[in-house]
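Below: one structure, written as C-alpha cells.
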Amino acid sequence: MFEINNMEEINDGNLAQVRHVVLVLSGKGGVGKSTITTELALALKHAGKKVGILDVDLCGPSIPRMLSMGRPDVHQCDSGWVPVYTDAQKSLALMSIGFLLEDPDEAVVWRGPKKTALIGQFVSDVAWGELDVLLVDTPPGTSDEHLAVLENLKKHRVDGAILVTTPQAVSTGDVRREITFCKKTGVRILGIVENMSGFVCPHCSECSNVFSKGGGEELAKMTGSVFLGSVPLDPLLSASIEEGRDFAESFPDSATFSAISSISQALLNSLQTD
C-alpha cells in the first residue's frame, strides 16, 4: 500500500513555515467535525489565507470527498510527501490517508502502534510550505491518535483546539470530557462551535429548532470557554458537501455561510491575539 518510515528518519522542518496549528476535536462521532473543518478551511481561503488540512481521522477519511479531490497520486520531494492542492493557486492543501489507500472501500484495520507511526509521518513528513493556518481534523474521542498528534507536534507550537458539538446534552456531555483532555494535555481551547443548531427550511430559509439550540453556548459559559458561534443544519450545505462543491462560492449570501465566515474570523482574531 505505502511505506511508513522509521520515526527517526522524519523531517521535523516541514512545519517551519506554518504560522498556526489548530486541532479540531469532538467528543463523539456524527457531530459534523469534518464538515466544520472543511468549511472553515474554505472560509479562511476566501479570506485570503493559505490553509492546510491534515486529516488524521484514519478510519473515516471523508475530507477528500468533501473537497471533491478524488484519488490523486501523492508525490514525494526531497522533504517528504507533497500535499494535494485543491486549486491552481495552491491556497488550500490537504493530506489524508484517503489518498494512500489502493481501494477507497478498504478498511483501515490497524493496531495503535501502526496508527501512531503514520500520524507521526503525517505530522512531520508532509512538505506543507508556507501556510497561515494548518487545521488538524482528528477522529472523535480522546484516543491514541490524539496523543500521537500532540506528541509529534511538541517541536512545533500548537495554538490550540476548536471543539465541535451539537446542541443536545448527550453531545455536550462528551465535549466536557474533551475539555478535560485539553486541560490535562496543556492544549489551549480556542473556542466551541455548535453545529446542527436549528434547521434551515429550503423553501423559506426560516431556521427552526428541530433538535434543540444553545447547548454549545451554555457549555462554553459553564466551562469558561469562548463560544465561536453556531452553524445550522442547512440542506444547501449538506448538498454542497455531498457533491464536493465550495459552499461559499455557491451561496455567498446565505445566513449559513455568514455564520461560518464569522466563526473563521473569530478564530483568526484569537490566533492573532495569542
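In case you wondered, yes, glycine gets a Cβ from its N, Cα and C as well.
TrEMBL: automatically predicted annotations, no manual curation.
Annotation source TrEMBL lists ATP binding site at Gly27, Lys28, Gly29, Gly30, Val31, Gly32, Lys33, Ser34. Here TrEMBL flags Cys201, Cys204 as [4Fe-4S] cluster binding site.
Structure with TrEMBL features highlighted.
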residue	record	Cβ contacts under 8 Å, 6 or more apart
Gly27	ATP binding site	Pro140, Gly141, Leu163, Thr165, Ser171, Gly173, Asp174, Val175, Arg176, Arg177, Glu178
Lys28	ATP binding site	Pro140, Gly141, Val170, Ser171, Asp174
Gly29	ATP binding site	Gly60, Pro139, Pro140
Gly30	ATP binding site	Pro140
Val31	ATP binding site	Pro140, Val164, Thr165, Thr166, Ser171, Asn195, Met196
Gly32	ATP binding site	Val164, Thr166, Asn195, Met196, Val231
Lys33	ATP binding site	Val24, Leu25, Ser26, Asp137, Thr138, Pro140, Val164, Asn195
Ser34	ATP binding site	Asp55, Asp57, Gly60, Ser62, Ile63, Met66, Asp137
Cys201	[4Fe-4S] cluster binding site	Cys207, Ser208
Cys204	[4Fe-4S] cluster binding site	none
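Excluding the listed site residues Gly27, Lys28, Gly29, Gly30, Val31, Gly32, Lys33, Ser34, the same chain places Ser26, Pro140, Val164, Thr166, Ser171 with Cβ atoms within 8 Å of the centre of the ATP site Cβ atoms.
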